[in-house]
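Written out below as structure tokens is the structure these notes cover.
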Amino acid sequence: MSKKITSIRGMNDILPQQTPLWQWLEDKVRGVLAAYGYQEIRTPILEQTDLFKRGIGEVTDIVEKEMYTFEDRNGDSLTLRPEGTASCVRAAEEHGLLYNQTQRLWYAGPMFRHERPQAGRYRQFHQIGVETFGMDGPDIDAEVILLSARLWKALGLSDQVTLELNSLGDAEDRARYRDALVAYLREHSERLDDDSRRRLERNPLRVLDSKDAGTREVLEQAPRLEAFLNDDAREHFRRLCALLEAAGIEYRLNPYLVRGLDYYGKTVFEWTTRALGAQGTVCAGGRYDGLVAQLGGKPTPAVGFAMGLERLILLLEQQNPELPAPVALYIAAMGEVQSQALALAERLRDRLPGVGIVTHCGGGSFKSQMKKADRSGARYALILGEDEVARGEVAVKPLREDAEQQQLPETDLADWLAERLARSQA
Ligand code: ATP
Ligand code: MG
């Protein structure tokens, strides 16, 4: 026998047992996005490598070591998208969506990063993100945060997550801050971990992210970015905080929050949880007014966020929300009634849109068909034998409640089922 071929490390199959929770999550998210009037955009999974190099920044973890980059057959360098923002900006700009107008967009789909796989960190993972364009005031920053807060409520996760907030100022503020931070950290470089010492040279703001205890101690006395903010950024942040307070959104100021992507400026935020160990960030975003111009467009204010669905699924699995059963009715066909069973199912699908109906295929004993009916999760087995067909009846066997099987004329069946199924959903 030849060796079995398996999936690629860090890239997961999502099995039928798990997809109902994924669909439930995705439906809830789509519902909230629709409630804010956001519109979906779909872009290719592959882009030119330069899009991410220019968009995300050459000295970020993603571009330096996490991208899946390869040569196309004609020699072009292509990359599997590691995140959604750069593609979204590319597409919006390419199709003239950013000229003289505002946009509220969202996207969903797989992202690819060559990281060390562990719980909550994979090489193919899924994000849903929102991106807004053309609005420069703190009100839109507040709106996307309100939207995310409503999402946690819809998912029953409000108690699990907290909002952290910071302002990064503009590029000049960060440049002046970077100099001050580097000067300070150099004085204490012997107390920094190796990773931070490397970052000190390449991307010093990322040292603020370090989880190393020694480094964190050094950081306590480090200069604060807040002191370097220009008046405009300071005022923007003050107004955002006031808007969030007026809306009743709790937040924690985190001066160390810098985010791993170069394109952010002014507002940055993260929703984090303690329930997932080290992989605690479930949603992250901020303002990136410089990105559109960096990718060749006109300067365009923009705010957005992305959330990782795998981490939300891990949280939801702990909560175990009640999901609608995919199958409500299972039609058992006893004897030579296959054609009548298929026809009955079609008539019921006409009358009961949205109700999952499975017709038993392949014959078998009454017992084995009932076992399959039970395993399908259906509320009712509808049993059709030659006698039932002759009388125009169907036998209805409740599978989830203590009630007797009964014979119903098919003319009454759809109404009877509609009423029972509605009652069991309420
Ligand atoms: P982290 O600090 O956890 O590496 P990040 O800063 O790289 O996250 P972003 O690029 O901002 O994350 O992506 C937003 C969200 O996407 C994260 O908060 C997380 O929920 C999810 N995410 C990022 N990388 C992965 C991954 N490799 N596997 C699963 N989810 C991920
Ligand atoms: Mg990362």
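Including glycine, each Cβ sits where the backbone N, Cα and C put it.
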Among Arg113, Arg150, Arg239, TrEMBL assigns to the L-histidine site of Glu83, Gly84, Thr85, Gln127, Glu131, Arg259, Tyr263, Tyr264 just Arg113
The answer, for which of the binding-site residues Thr85, Gln127 has its Cβ ringed by the most other Cβ atoms inside 10 Å, is Thr85
Listed in sequence order, the residues of the same chain lying six or more positions from Arg259 (L-histidine binding site) whose CB sits under 8 Å from its CB are Leu168, Val268, Glu270, Ala284, Gly286
